[in-house]
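Feature annotation from TrEMBL assigns transmembrane segment to 18-40, 47-67, 73-99, 106-131, 170-190, 223-247, 259-284, 296-321.
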Amino acid sequence: MSEKTTDVLSTRLGDVPVWLVVLVAVVVLVALPMALGAFWTRIGLGALMWIGLAQSWNMIGGYAGYLDFGHGAYFGIGAFATGAVMVTFGLPFLAGFVVAAAVAAVIAYLVAVPTLRLTGAYFAIATWALAEAFKQLALNLDITGGTFGLSLPTAAGSFGLPVGELSTSLFYYLMLALCLATIAVTYVVFERSEFGFRVKALRDDEDAAESLGIDTTRVKRQVYVLSCAIAALFGSVHAYFITFIHPNDVLAAIITDQMVIMALLGGLGTITGPIIGGILVFLLQRLSSVFLGQSTIYLPLIGVLIMIVVLFAPSGVVGILRGEVDRTDIRNNARELAEKFDLL
């Protein structure tokens, strides 16, 4: 057993090994469709999708430090690539799944060449503008269905399964596998490899990283392409599950916004941050929709949470759980804020 593996197994949450916590969590997630009904299975499916999307954004936004405000475009690209393969060429979903990642990777590389020369707000604005351009393009292409959208074959037709609870469970397990794979890739690539060290080095100080001999241009492109391809895979599964996609839905700016919020709330540049943030934001959204009858009322609540995190816990919920937030700093920040707005 390698030293790295030993370190992982010996890491503790109190007196409980981390690997045991992970194992129990996976068992619970696998058993969820069998223990609960289709409603909660759908909730779980949605939560897994957003956790995976937040984790994919965290690769470029958290680990590399490049705020990509157009990341949601690759979710839509994956959805439409899958739809085009299945509808136009009559190929099965698995072919569309692979093509989605390939198409997104190629487009991401072409986008990365000019945009990753930019930094800070310039990169953020450039990616946001490109995402909007992709949306307008999709609204005017026949292969995407244009303004009418695109209908995909149902899972029942491809897998021979009845539409309903069994079909929902199938997609739940598919999304679970994809989400777990994304988390595993993030851990191996960014936490346990030399490549991850290079990514963190360019995030902390790009000039210093270059002076150490790191090809920062190449590293940035690799991270960007990887993160975009993963987002496209989630778009592929989502498209096949809902069977109808429209540019205004799968290429909406709110998709990127939620990825950013989830990663920021949970903790940037961490494995568990997007998981925690994804669960919190998605459940808040769903609960507000179910019990209050409104799907957007959660947005002001999220805004307040983000403001609190930015002011008092910049490292997110993960930082709070790790004890990285100094209570004295919180009190001082609160006092300064209150004095600024004449609340004291």
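Placement of Cβ uses the backbone N, Cα and C atoms for every residue, glycine included.
Counted over residue pairs separated by six or more positions, the transmembrane segment (223-247) shares at least 3 Cβ pairs under 8 angstroms with the transmembrane segment (106-131), which defines the two as touching.
Residues 43, 46-47, 50-51, 53-58, 61-63, 65, 67, 69, 71-72, 183, 186-187, 191, 200, 203, 298, 301-302, 305-306, 309-310, 315-319 of the same chain, all 6+ positions outside the transmembrane segment (259-284), place their C-beta atoms under 8 angstroms from a C-beta of that stretch.
Remote same-chain partners of the transmembrane segment (170-190), defined as residues 6 or more beyond its termini with a Cβ less than 8 Å from a stretch Cβ, comprise 26, 29-30, 32-33, 41-42, 44-45, 48-49, 51-52, 55-56, 58-59, 63, 155, 159, 161, 196, 199-200, 226, 230, 233-234, 237, 240-241, 271, 275. Residues 66-74, 77, 206, 217, 220-221, 224-225, 228-229, 251, 253, 256 of the same chain, all 6+ positions outside the transmembrane segment (106-131), place their C-beta atoms under 8 angstroms from a C-beta of that stretch.
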